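Below is one structure, written out as structure tokens; comments come after it.
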């Protein structure tokens with residue numbers, strides 16, 4: 001169905017199919033918008049860039065089918081999983097992060113693939129549970145004081161990694177950081193460019209690095225134009241991989257509220273456009289459970305192929321709001337573009353040539369934003385920070401999570417659980433578990449007002 005058009009109103013609802021030319025250009029914009037963050041996650045976690053793009057495209061298309069083409073979302077790599085993935089790969093494939101010239105770590109990727117698929121299963125189960133009992137019941141187990149605090153921990157715990165990368169060249173890192181911040185602030189609302197501050201900031205850092213002679217261009221010249229992505233199968237037979245399932249899956253505690261917030265925002269914009277087009281509202285905000293099932297299926301697909309753990313992208317949602325394009329066929333087109341990009345070897349070469357100081361500058365900003373989003377979640381949900389129970393839960397999560405990640409050896413609490421946490425419990429995971437349990441105590445044994 002083609003969108004209704006008048007002199008005053010033009011736009012595409014999820015079921016609309018734009019003309020071919022518009023569909024191709026709008027689809028390419030979606031890919032351009034998701035590209036910087038998705039690729040940066042692959043760089044930071046030593047995943048194959050081509051596989052990450054390929055998996056992003058395939059995962060998006062399948063997730064759209066699972067949501068019955070009702071929920072227009074694009075799925076890219078999530079920053080929320082970086083800390084636990086890097087910790088896991090450092091434990092069991094340590095050489096990957098000791099050599100700055102290592103761009104891809106297949107032995108580490110195969111281990112965390114199992115955990116990423118576990119995250120997908122966790123999301124699917126939560127989605128099905130919400131479809132059965134409603135979101136209100138789940139909010140008692142995972143209230144904003146828990147989810148917001150975990151998000152803060154995830155962001156701040158990555159501070160050391162960000163500064164470690166930036167230290168490769170402080171000038172390049174801080175020029176990249178400042179450029180990215182300026183683009184983020186002053187290009188907001190300026191159309192497509194406003195959606196690309198990370199890409200533009202990286203470009204500034206890259207050009208400065210080239211001028212300083214610290215870009216390894218041989219990585220680009222030696223790369224083939226066309227190549228097969230390095231698809232790997234999950235290490236299902238490795239006990240260490242199964243031990244990572246809980247660690248990685250628990251990070252969904254932070255991504256579930258984010259995904260749900262995206263759904264609410266999209267529903268508001270879509271129904272406003274439907275009203276202007278004189279068509280029935282779609283009320284996709286009622287599809288919270290189905291949205292999480294689609295998220296989970298995306299992670300199952302991405303995890304199986306060897307891509308980085310994903311989430312639906314707020315940047316792409318913003319682009320859809322700006323262009324008034326919520327067409328699912330456009331997003332499927334974007335997925336096809338991403339799949340094709342996965343086979344371009346020169347693209348991977350360009351990405352791998354980005355100096356670590358540039359990614360460090362970007363990481364300072366992006367990891368900080370993750371923490372700030374945790375604070376924003378608490379504010380938007382009007383969390384009562386004068387409540388002793390809320391203060392206890394939030395304080396415990398933040399100190400055990402951040403303190404453990406930065407101060408304990410390898411970021412692990414020395415509580416060994418054979419087969420699950422054989423080397424100790426990652427601080428981020430420990431903080432989430434203790435926060436959930438503490439909150440449940442207060443739910444069951446309600447304190448006096």
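Keep in mind that glycine also has a Cβ here, set from the backbone N, Cα and C atoms.
Predicted automatically and left uncurated, TrEMBL annotations should be read as such.
These figures come from a predicted structure and were not determined experimentally.
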Among ranges 222-239, 240-257, whichever one TrEMBL labels transmembrane segment: 240-257
Candidates 20-43, 112-130, 168-187, 240-257, 389-408; stretch with most C-beta pairs under 8 Å toward the transmembrane segment (356-377): 168-187
Proximity verdict for the transmembrane segment (49-66) and the transmembrane segment (326-344), three or more C-beta pairs under 8 Å: yes
Sequence-remote partners of the transmembrane segment (389-408) [C-beta within less than 8 Å, at least six residues beyond its ends]: 83, 145-146, 148-150, 152-154, 156-157, 159-160, 378, 383, 414, 426-428, 430-432, 434-435, 438-439, 442, 447
Spatial neighbours of the transmembrane segment (168-187) far in sequence, C-beta under 8 Å, 6+ residues away: 100, 193-194, 196-198, 200-202, 204-205, 208-209, 212, 214, 355-358, 360-362, 364-365
Most Cβ pairs under 8 Å with the transmembrane segment (73-92), selected from 20-43, 112-130, 142-162, 199-220: 20-43
